[in-house]
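Okay, so here's the structure we're looking at.
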Amino acid sequence: MSSVSELGYLGMSVTDLDAWRAYAAEVAGMEVVDEGESDRIYLRMDLWHHRIALIKGDTDDLAYMGWRLGDPTEFESMVEKLTNAGIAVTVASDAEARERRVLGLAKLTDPGGNPTEIFYGPQVDAHKPFHPGRPMFGKFVTGSEGIGHCILRQDDVEAAAAFYRLLGLRGSVEYQLHLPNGMVAMPYFMHCNERQHSVAFGLGPMEKRINHLMFEYTELDDLGLAHDIVRERQIDVALQLGKHANDLALTFYCANPSGWLWEFGWGARKAPAQQEFYTRDIFGHGNEAQGYGMDVPL
């Protein structure tokens, strides 16, 4: 049975391309690629043509997310599997695939209403070295682990878990977090490769489709530089620097120009063979700026 191998790319609808251009390059260290298209720019994190497309729009939210399959045979098998499960799948035109810089593309929607894509054959610009937007000591963790992970809006956690299992992901609840109101949050984490998780959900009601995108540096010093820049620019920090219990990553969460969160990280462990759960993080991750959907005690 075919399974997706990585979270390959994101498309984001943004209202302020200029703000994003500066943030992505000067804060995160991503390479900004402007090909003269009036409505979009691209962000590189490695040798792919892009990992993130920033598309000028009327909203600030996730526009789509792309899950990779290995080849045309696996792609066709996945389309068939999803269709047989009663999920509406539209195989995209050649023009739409070219727009995504892939060889094959299909579109569908997950149970939370999040625009989802499966694809194969991304364009890799091996002739163009990655050039970070600011000085960096290392690179981003991508390769077979994909872009990073996303926390998505899902009203029905079980339906979402079943959907992502169809795509080939594995996982379960990894935290039981006791909230001030007496309720217990039980976020659900799923992986499809060595990255500890590529998608998660179950944080409760969300205004936007996406709560945060996490990406990871290969070098601790790059996380430290990013943290310094965020503090110098007085960018809202929702969760202070801390270490997660599940993936052991050292991270912090700060606002992006679209009003949701990017999680900057380093040092995550690989996905374990068996599941376990935690009641709190190892240290840090104290709540700071409110209103970004991470007002939970970690």
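Glycine is treated like the rest: Cβ placed from N, Cα and C.
Swiss-Prot lists His149, His212, Glu263 with the feature Fe cation binding site, giving similarity to another entry as the kind of evidence. The annotation substrate binding site is assigned in Swiss-Prot to His149, Gln196, His197, His212, Tyr253 on the grounds of similarity to another entry. Annotation source Swiss-Prot lists domain 'VOC 1' at 6-121, citing sequence analysis. Annotation source Swiss-Prot lists domain 'VOC 2' at 146-267, citing sequence analysis.
This view paints the features noted in Swiss-Prot onto the structure.
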residue	record	contacts (Cβ under 8 Å, 6+ apart)
His149	Fe cation binding site	Leu7, Arg195, His197, Ser198, Val199, Ala200, Leu213, Met214
Gln196	substrate binding site	Phe189, Asn246, Asp247, Ala249, Ala268, Arg269, Lys270, Ala271, Pro272
His212	Fe cation binding site	Cys150, Ile151, Tyr253, Trp260, Leu261, Trp262, Glu263, Met294
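Sorting the domain 'VOC 2' (146-267) by DSSP state (H, G, I as helix; E, B as strand; all else coil) yields 24 helix, 48 strand, 50 coil. Between the farthest pair of Cα atoms in the substrate binding residues (His149, Gln196, His197, His212, Tyr253), the distance is 18 Å.
For the domain 'VOC 1' (6-121), residue counts in helix, strand and coil come to 32 helix, 48 strand, 36 coil, using DSSP. For His197 (substrate binding site), other Cβ atoms within 10 Å of its Cβ number 25. Across the residues of the domain 'VOC 1' (6-121), the predicted structure has a mean pLDDT of 98.
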